[in-house]
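All remarks here apply to the structure that follows.
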Amino acid sequence: MRLHHLLLLLLLVVLSSGSGFTQGVRSYLSCWGNRGICLLNRCPGRMRQIGTCLAPRVKCCR
């Protein structure tokens, strides 16, 4: 019975952690939390886009 609980717990941990990595940055707070800044249209210079800040035109750049 303990093995069933352990396997269920392992399955839940794997599924819950995988869902967080597939989603991009989608808000101002999560952008700032990932050490990014929100800018209109494009990321300048050597910065790259890591997500969007609520609107598709506002990019989260780091």
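Just so it is clear, glycine is given a Cβ too, placed from its N, Cα and C backbone atoms.
Copied over from Swiss-Prot:
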SIGNAL    1-22  signal peptide
MOD_RES   Q23  pyrrolidone carboxylic acid
DISULFID  C31-C60  disulfide bond
DISULFID  C38-C53  disulfide bond
DISULFID  C43-C61  disulfide bond
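Shown on the structure are the features that Swiss-Prot records.
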| residue | record | Cβ within 10 Å |
| --- | --- | --- |
| C31 | disulfide bond | 25 |
| C38 | disulfide bond | 18 |
| C43 | disulfide bond | 16 |
| C53 | disulfide bond | 23 |
| C60 | disulfide bond | 26 |
| C61 | disulfide bond | 19 |
Problem set entry | Which disulfide-bonded residues sit within 10 Å of C43 (disulfide bond) - Cα, from C31, C53, C60 | C60
For this session: Between the Cα atoms of C60 (disulfide bond) and C38 (disulfide bond), find the distance and write it as a whole number of Å.
Result: 5
Problem set entry | C31 (disulfide bond) - helix vs strand vs coil (DSSP) | helix
Seminar exercise, completed: Spacing of the two Cα atoms, C38 (disulfide bond) and C31 (disulfide bond), in whole angstrom, works out to 7
Seminar exercise, completed: Rounded Cα distance in angstrom between C53 (disulfide bond) and C61 (disulfide bond) is 10
Exercise. At the Cα level, what's the spacing in Å between C61 (disulfide bond) and C31 (disulfide bond), rounded?
Worked result: 8
